[in-house]
Structure formats: C-alpha cells, structure tokens
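*Asks:* Can you read through this structure? Questions will come right after.
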Amino acid sequence: MSHAMDLLHVFILAVIQGLAELLPVSSSAHVILAEKLMGFDPSAPNMTFLLVMLHTGTMFAVIVYFWHSWKKTYFFDWQSFKQRAWYVLLATAITGVLGLLLQSLIKHVFFGGVSSFEIEHLFSNSKLMAAALAAAGILIILSSRLDRGQQGDIRLPSAMIIGAVQALCLPFRGFSRSGATISTGLFLGISRQKAEEFSFALAVVLTPAVIVKELVRLLHAQHATTGATHLALGSLLLPSIFGMVFSFLTGLLALKWLSAWLEHGRWYLFGIYCLAFSGVVLTLA
C-alpha cells in the first residue's frame, strides 16, 4: 500500500471483502483484482495488514449471523455439541493435513522448491484465478442442478469429505471455499441450511489460521524491508479498523443474501456469476 491509499480505497476494499468473502464468489480473486486496478501491490506488507483486519471483520460477521442457529444446532445439549465439534475439528484437521501435503507437492514437484510465499504469488496469476473461478462456477451450478431439497444432516463421512474438498481450495486463488464446501454438502444429500451452517462453522475455525498465516507473511516481508514499513503500519491502524468495521457490516448483508438465495433455490446464480467474472478477469489480465 502506498501514500495514495485513503479511506475511500479502504472502504471499497472492505465492501468487496465483506461481500466476496462470505458469498461463494472468491474474495481473493475480487480483492486482488481490485487492488491491482487501484494501483496497489497485493503482496505489499501494508496491504497484508489491511487484509488481516478485513478477515477479522468478516469472521465476526459469521459468528454474529450464525450464533442463533448454531445455538440450536451445535449447543442444543452436551452430546450434540461434542458430536458437532468433533465433526468441525476433524474436517479442519483434514483440511490442514491435506493442505500442507498439497502445498508440499506443488512446491517440490511443480515449482522446484520455491518458497510458500512465491507459490502464493504465482497462484495470484490472473489466468489461474480465471480458471479457478470457472471451475467453482461449474461446481456450484452442478450442485444446484442435483439439489432436490434433501434434508440430510452432517455425518462423519460427509464431514471428512467436506474437509478434504476445503483443502483443495486453499492454494487456488479464485476457487471459493464456501462455494466448494456448500456444493459438496449438497452433492452428499445434506440440506441447504445444514450445509451452510457447517461451511461457516469451518470458516470460523479456519480463519484464525489464515490470519496467523498472513501475519507471518507480514513479518517475513518486514524483515526484507527497511524500518519505513513499520511507520506505514502504524499510520494504517485506524484506517484498517475502519475497514474491519465495514467488512463486518457488509459481511452481515452478504450472509443474509446468501441464505435467502440458497433457501429459495437460487444457488446456481452464484455459479453463473463466477463464470462471468472469470471472463472479466481474463479480459483485464
């Protein structure tokens, strides 16, 4: 981020993050494209710090929005809580293990041992993002076509499968995590509401890990630059808090929108949007 960053830029990025992070359309693709169009370097330390704050805002939006339904589903009684918590933690563990294995495979087999930060930069390539968006769009449309209003619940095998699918999304900028996990739930016969609740329960557990990863990236970048970066971060604190608040508010609106469209059988429209946006990304590449 540079001296040209102002509250308007922060507001725009916060709104994009709040909408795209919680709708199944890939926040990373939207935020990276917006940053590039505004002339900012997505890999700059200050942009990473802002992204951490925006992620924090959307995480709290998820907690606030789903708290009431989670109380009925996850905290109904102690036995129910233990079972649901086990499913969430197991799925997250599978995501973590498979994600690390996939990253190692990509790192050593395809890119000859480059650093994890360089791999993420490579996967920010516009053509790869467009391909990931198109794949996500097709997955969402197919799951919508196969959805017949089923009323299944999360079980151990489905939790494991969803966790594995979530891991496959991690390296690919443009492949929506929520889109993939909800679609997988629908493929497995899980009800729309249960698939949505489980997907965002996973998000609340996974997001702190993402935030820590971004902070590690920030520290890594700071060590490679001068002390001027520290001064820039200090000046960014208040604008970032401003952005966090708006990503929280926008996130609440996005979740309400998502729930309504999912419940009323309009899930496929997000897939159409992903396909259209992949074309936009390719055009602007």
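Note: Cβ is positioned from N, Cα and C throughout, glycine not excepted.
What Swiss-Prot lists as transmembrane segment is 5-25, 47-67, 86-106, 122-142, 156-176, 198-218, 235-255, 265-285, and the listing cites sequence analysis.
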*Asks:* So what's near the transmembrane segment (122-142) in sequence-distant terms, Cβ-Cβ under 8 Å and 6+ beyond its ends?
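*Replies:* That would be 24-26, 28-29, 32-33, 42-43, 111, 114, 171-176, 179-180, 183, 187, 267-268, 270-275, 277-279, 281-282, 284-285.
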*Asks:* Who are the long-range neighbours of the transmembrane segment (235-255) in its own chain, taking Cβ under 8 Å and residues 6 or more past its ends?
*Replies:* 1, 5-7, 10-11, 13-15, 17-19, 21-23, 46, 49-50, 53-58, 60-62, 64-66, 200
*Asks:* Looking at the transmembrane segment (198-218) and the transmembrane segment (265-285), are there 3+ C-beta pairs under 8 A, with each pair at least 6 apart in sequence?
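*Replies:* Between the transmembrane segment (265-285) and the transmembrane segment (198-218), which are separate recorded stretches, there is no contact, as judged by 3 or more close Cβ pairs.
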*Asks:* Let me check one thing: do the transmembrane segment (265-285) and the transmembrane segment (5-25) come into contact, meaning three or more Cβ pairs under 8 Å with sequence separation of at least 6?
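*Replies:* These two segments touch.
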*Asks:* Going through 5-25, 86-106, 156-176 one by one, which has the most CB pairs that fall under 8 Å from the transmembrane segment (47-67)?
*Replies:* 5-25
